[in-house]
Amino acid sequence: VCTQQELLPCKSLPETLLFQLLGLSIATLSTVAHYGLRFTLISNVSLDSNTYKVIHHTAFYFGICLSMTLILAALLSSAATVRESQCLTAMGFFCFALAFCGLIPAACWRYTHSTEVEDSMMDVYDFVYEEVRRNTSSFRRHELTAIHEAFLCCGKHSPFGDTTDVENKTCPPNQVHNEGQDCLQEIQDFLKKHMDFVFSLLGIAIGFTVYGMFLTSFLWFSIHFSSNLYRKGKYILR
């Protein structure tokens, strides 16, 4: 229950929790995408000439930095509300603006390069598959087997409907006999669901950062013009 002198800090508490929850969600998604079995397998196999490894690491560090910025902005805004500090309010606004400036290019990149991640990941699989097909004794066969087990798929389906020695030697037995899912299609479907979720989270984050900038701006002007001087110094943070 909020008393009259604690009303403004109590009102800011739900917003603070929402921003912290959003930051934790972004950090969790970035960690899962970076250390998840399917993503790490493709990243370890990809060549330096392939763009997937760069995207893989960049997305992780961007997500962690973004989540830390949002959490810091939420904490600064909460402290600024309690202490009625223009300095803390300005710092909170700067953190929200910094997050916004990072989110807009990320959303634009996702929109303009909608298939780059999928294409680079499928290129990695194509490379490993062709290496194994040309030389079945290659160490790439173990990598291809691991990919098949991780994605629960089996090779690339031939238009003639037959399986090659690659599928027979690298696919799990149940996938070979039951005509397992084409790996290229499975990778594409998996990434489409994941990237759609990422794009939705980016949109939510952009909306919250805009709201955060408006909120901190309102607080700064409210403090600056002394519209709440009669309550100044009466807030107690418990």
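Cβ atoms are placed via backbone N, Cα and C, with glycine included.
Whatever TrEMBL says is automated annotation, not expert-curated.
In sequence order, Tyr125, Tyr129, Ile147, His148, Phe151, Cys153, Cys154, Gly155, Lys156 are the residues near Cys183 (disulfide bond), counting only same-chain partners six or more apart with C-beta under 8 A. Summarising the annotation, TrEMBL assigns disulfide bond to Cys153-Cys183 (among others).
Annotation comment: TrEMBL describes Cys154-Cys171 (among others) as disulfide bond.
Residues annotated as transmembrane segment in TrEMBL: 17-37 (among others).
Among the features that TrEMBL reports, transmembrane segment is placed at 58-82 (among others).
Residues or ranges marked as transmembrane segment in TrEMBL: 88-112 (among others).
According to TrEMBL, the feature transmembrane segment maps to 197-223 (among others). Sequence-distant contacts of the transmembrane segment (197-223), counting only residues of its own chain at least 6 positions beyond either end whose CB sits under 8 Å from a CB of the stretch, comprise 15, 18-19, 22, 25-26, 29, 66, 70, 73-74, 77, 80-81, 84-86, 89-90, 92-93, 96-97, 99-100, 103-104, 106-107, 110.
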Fewest other Cβ within 10 angstroms of its own Cβ, chosen from the disulfide-bonded residues Cys153, Cys154, Cys171 = Cys171
Residues sitting near the transmembrane segment (88-112): Cβ under 8 Å, six or more positions beyond its termini, same chain?
-> 62, 65-66, 69-70, 72-74, 76-77, 79-80, 195, 198-199, 202-203, 205-206, 209-210, 212-213, 216-217, 219-220, 223
